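J.: Reproduced below are the annotations present in TrEMBL:
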type	residues	note
SIGNAL	A:1-26	signal peptide
REPEAT	A:109-143	repeat 'NHL'
TRANSMEM	A:449-467	transmembrane segment
DOMAIN	A:493-663	domain 'Yip1'
TRANSMEM	A:513-532	transmembrane segment
TRANSMEM	A:552-570	transmembrane segment
TRANSMEM	A:582-607	transmembrane segment
TRANSMEM	A:613-637	transmembrane segment
TRANSMEM	A:649-671	transmembrane segment
Amino acid sequence: MQSNFHMRFIGIALIVLLLFPAAASAAQPYDTFYISHGTGGAGTRTYWMQDVYILGPTAPLSGEQTLNKPSDLFIARNDHVFIADKGNNRIVETDDQGRWIRSIGDQEGKGMLKGPEGVFVRDDGTVYVADTGNQRVAVFDEKGTFVREYGTPTNDLMPKDNFFVPIKLAVDARGVMFVVSKGSYQGIVRLNPQGEFTGFFGGNKAAASFIDRIKRQLFTKEQLAQEDLKRPPEISNITIDKDGFFYTTTFGSASDQIKKLNARGVNRLSGLKTVTMPESDQIADIAADESGFFYVLDRKQQTRRDGMISIYGPGGTELFRFGKTKKDPQQRGVFSYPISFDIDSRNRIWVLDSDLNVMQSFERTVFGDAVLTAAADYYVGDYKKSKENWALVRTMNELVSLTYLGLGEAAQKEGNMESAMAYFKMSFDNEGYSEAFWTYRMEWIEAKFVYVFLLAVILWLLYRYVINRVLKRFSNQLPSSIQRVTEELADGWRTMFHPYDGFYRMKGKKLSIFSLLAVLVMVMLGKLASLYWTGFIFNPINLSEIKLGREIALFFAPLATWVVANYLVSTVKDGEGRFRDVLQASIFSLMPYAVLIGPIVLFSNILVLEEGIIVSSLTSVMWLWTMVLFVVNGQVIHNFDFMENMKNSFITLCTIGLIWIFVIVSTGLTFNVTDFIYQLYKEVAVLG
Amino acid sequence: MDKAMGRRRVILVAAGAVLILGSAAWFIVWLLTDTVSHRLDIPDYTVSYMAVEGSEPWKPGQEEGQGFARAAENDRFRLSVHPDNGQMKVMDKKQGVKWSSNPSPEQVKTEKVAGTLRTNMESPFILEYFEQSKIQRQVMNGLDPSVKRTITKLEQGVAVHYDIAKVNLSFSMYYVLTDDGLEVSIPAKSIKESGPYRILSIESLPFFGAATGEESGYLFVPDGPGGLIHFPLQKELVGKGYNQEVYGPEITNRISDSDNSNEVVMPVFGMKKGDQAFLAVISAGEKSSIIRALPAGIVSSLNSVHAKFVYRQEYDRRLSLGGRSIRVFQEDPLLQDRTVRYLFLEKEDAGYVGMAKRYRQYLTDTGQVPQGPQPSVGGLVPLDLTLIGGDSNDYGDYRYERATTFKQAEEIVTELKKAGIDSMRITYKGWESKGTINPDKRFSPESKLGGGKGLRAFVEKAHGLGYEVDLAVDLVKANPTFSKLPPKSYGIRGVEEDVLLRNDQYYLNPGITYNLAMDMIRDAKEYGIDGMRFSGLGGLLFNDYNPAYNYTREDTAYLYENIQKRAQEVLGHSSVLTGNLYSLKYTGEIHTLISDPSYSYAVDETVPFYPIVLHGSIPYSLTPGNMRDEDGREFLKAIEYGAIPSFVLTYESSRSLMDTFTWGIFSSKFVDWKDDVIREYKSFNKLASVQGEPITDHYRRSEGIYVTVYGNGVSVTVDYNRKEFHVGKEGDGA
């Protein structure tokens, strides 16, 4: 509904917040944020909270063991960490605490590595190295003995102009190698276990701009040949998860920088749900854990409410972000050039910094474990199992809105619709709410239908035989001024159905100011009701965020401009109507709104999302009806014929447009002036 | 015609009348508007300068070898000075230990560096200066050929006067023996600048006692509650050593980027070398000093720690609104005496525990920390309970969101009393109307919580149960959008005299804060409030370059201290957050004492130096129990550090606060935390017997097991591996 824009606006406004939380205890040298996603236009927000990951040990590598411009990190099945220690021409293996075990590939001989930039270890312990300097993939066994190498594939399929410079690689369960080769814009080089090239995999598409497309239409072949070739951005890194999905990153690109590919190379992530900020083009690496969550390492310098590592749910919904990169860091856990990371079986993350030559670990907190376990169960649909963990999460943190989604789903499964609805409302999930409400409503009707029916009958009888009569008698004794208003309002009611007749009678008549006010008040109340009482399903926002003054102003501004514009235009076009006529007729044309908004608000409270068609069509009817009345009133009060009136109405609309454009342009033009004056005022009066 | 004229006249007259009435009304409102006075009811802070003395030239005394000559002597120490380079040595006569200002010539010979880095090692100071209208920092030391040294005699030492002809700068360094050590000063009056060169900073005795790493030991730095940098180096060196401004960077420079590093809360550093140690206290000019520790491998193969005195700030000059800026240096220097007191320790006292005990004694001797234990109710460890009333929504309509009404607060304390919590101090936060964005910073309880009546009823209720009630209030920061206090006249200003806005907030001039606090304290008394917690007073210092005041950090600290003094006199109690050292004199409790390190690459180990200094004098709490990152470990740390239990609670769900200005309270609902509060209260009260006792020892028994020993012999053993703790007599074992 109209709140969409509003909410998005707020989502952005949030970035400008204070820096430190109320109960500041800067325990870790970085902040942790939760990314709250509400459905139905509730927007995306980040909330500061306790850490999900805290600093763990730093790898104690010193002396001979010190890393030199390391480039890749891989954690094997047994939680041993393998590092492509590029500057030292070797692979380093450490234990799960980062303590040195051995180096691989630094012995003279065939296995000697040269500037290796990538490493991968299969479940059986076989080590695959992207031996960049030697332009090959080198394979070592679990003891570190050289086994074999794969050089440039020789079969015909490989394009001739393609150089094989492996920088990163992943190997699937069958032993098929997926090699990221430097300069290979066609995609990842896929090699079968025999080392034969079997095609490119998961390549990016070239981003053709609008101009490019025009050029392609207009330019000759010769001209096109002279244009710079638009090549798709190269894939920069690859990770394989336990289910055999590949995650690829593309560095230096602001779109498609993260892809989750299936075995056929099809991207399974259709749009990540992240914060509405410019997305980073410096995604360095991706890691996937056992539960299908994936972690994204972002190398760009962080600003407020940003993080170095983001944790995404399996479907690509960003949940948490933490960590920090900055220039010249002096604190552990703050990096200057994080290049690679991975996660072990106990969910410890190891991050490699190629500038500081440091390998730092992060460990999950109790809270992090509870919330991510609960979320994992939630995402696979095991709501019952996740319930317990959500309850635990809730005692530690009430801000994670996913908790209430989880608890809501669980309550719904248990048939406790009322609390399910309450939970969905807390997490601003109108879809879940709608589902729970459907059941709730059905149960309610089953239980209470008879009473409701009886009540309705009684009310009707009461109205028919008592209230109606009293009113009639009473209305005869009303003072004439009030009687006049009621009569005029009754006329307004008739006008809705017989507009020509009604507006004709209204024309030239001086209606009571109170009648006009009464209609405006009804419209106003209707607007307020629609703002505040529209059912949650159709208006899933936090009501305290409604800026009332603005809403009202924006609502009545079109009416005011119509009155003015219509009067001006029809004066020029020899319309008969005076200003008063235009005003009166325009206000009475709002009658359908005043009458129908009530039922719309009522329906929005008793219908579910699937039945939303009733609400939306009723809303459409309401606006169409109002429009028709506006058109008709123009014809009648100015005494135009049909075509004349259509023209006049059209010109009025154009005038409204012009007035608004004028207002917008002049505000825009004077903005600098007003801003200058405002800044001057601020400088003088406030800031000095 | 006439009629029309008449009507027009009437309209004119009416308009005139309206105008006059309107402006009169505006004027009256303006007159009646409650403005905060700038006038203080206490005398201004006065700076007293060291006298520049010693006109009598010094005659080198007995030769001490290597060109050093005896300069002064007392019962314990002997001071000798090298007339040719200004180097200095202190000899502990009983121990026969020498502490020298610089490494020996033999040691310097083995160093690999050259140029200034090398001569720095042989100099008693490193001077940073700049040429006016230029923006480069330049470095010079005492071995520059253009340096002329004049040594004059002092009563218990010597003054070395340096005249640096090349840059037309001169200053003196005083070496004076005291009963327990050495005092090194640079008197403000001795600094002379003529010509185009200006002093930026002076590092005094940068290599005092510098350790080669042959003997093992550590550098002590005030990182978090206390940090150690061990030598010889155990790990690969990352970063540039430890380099931190005392009490945090100066915010008026606008260049401090906010990393989450915990700032220095006490102006002290030290070194342990073998069975000898020194503790150095910056006793003058500490508020504009930097503590530097350089492990071997950064500028030399030596491990050293020293103080760097800042005379001119570097700041960002804006070239356009919100646009580019350049780094420039402040014009006028901060002329203050600068003194470091070196206190020497030996044998069992040579360690961080000995240093902390020595520092505690120094602080109580100089009256910077109240003497003796604070009384507690029935010898119990009190619970530090913070209740958040609510705050204004940061979105849309800025509506005040309730989190705990006064009535609900009554319910909370009644339940806690029933559950057996007998000693508790309640601090109410967000109670003022509109909460954090309270426009006039006056005493005005929020009506949605129950207003003044409700507050009074709550206070009476709490008193009836034997509890004390404090109010928390922020009289330092204000929001320019909502505040009625105009930033131009009440906000602090940057070096270029423009109002300082930071994260959409401005900072009130300390004098204004003082006057607002006086009114607040007076009004709080009426309501029976027992104390105040003024946030900002214990954790943030700044200059105010408003030409009308020109407050330095010293002035700010002085005014803040007087606020606490008054609160303590009138109400009986005052507490602070963080607990910077200057704020302790009139403090009854430190809420959220700094307990986490800054995770600097340089610092190897975090030790409870500050708790050892404070325990027995001022109670302190660490991170509130419901705001911990790692519950188990942080709870045990609070036990190990001798803290008191603390919680921040609300009656409603903490979701009521999530979109308000008081954000980041992620879990605080009373019903969810009640059991934890009671359990922790009981756990902490196992330490009731050590309340008011000083910590006499602290050590690591084995990996993950730490022991804290108190003055009455009770020891607390904390086992992080098994997540438990044990209270017993020393020697019991655990």
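Cβ coordinates come from backbone N, Cα and C, glycine included.
Just tell me what is around each of these and how deep it sits.
T.: Taken residue by residue, the repeat 'NHL' (A:109-143) breaks down under DSSP into 3 helix, 14 strand, 18 coil.
Outside the transmembrane segment (A:552-570), and at least 6 residues removed from its termini, the chain residues within Cβ reach (under 8 Å) are 524, 527, 577, 579, 582-583, 586-587, 590, 630, 634, 638, 648, 651-652, 655-656, 659-660.
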J.: Using Cβ atoms and a strict cutoff of less than 8 Å, what residues sit near the transmembrane segment (A:613-637) while being 6 or more residues removed from its termini?
T.: 495-496, 499-500, 503-504, 506-507, 538, 562, 566, 570, 575-577, 581-582, 585-586, 588-593, 596-597, 599-600, 603-604, 607, 644-646, 648-649, 652
J.: Determine which residues of the chain contact the transmembrane segment (A:649-671) at the Cβ level, with the cut-off under 8 Å and only residues 6 or more beyond its ends counted.
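T.: Cβ under 8 Å, 6 or more out: 558, 561-562, 564-566, 568-570, 573, 630-631, 634.
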J.: Which whole number is the mean pLDDT over the repeat 'NHL' (A:109-143)?
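T.: Per the prediction, mean pLDDT sits at 94 for the repeat 'NHL' (A:109-143).
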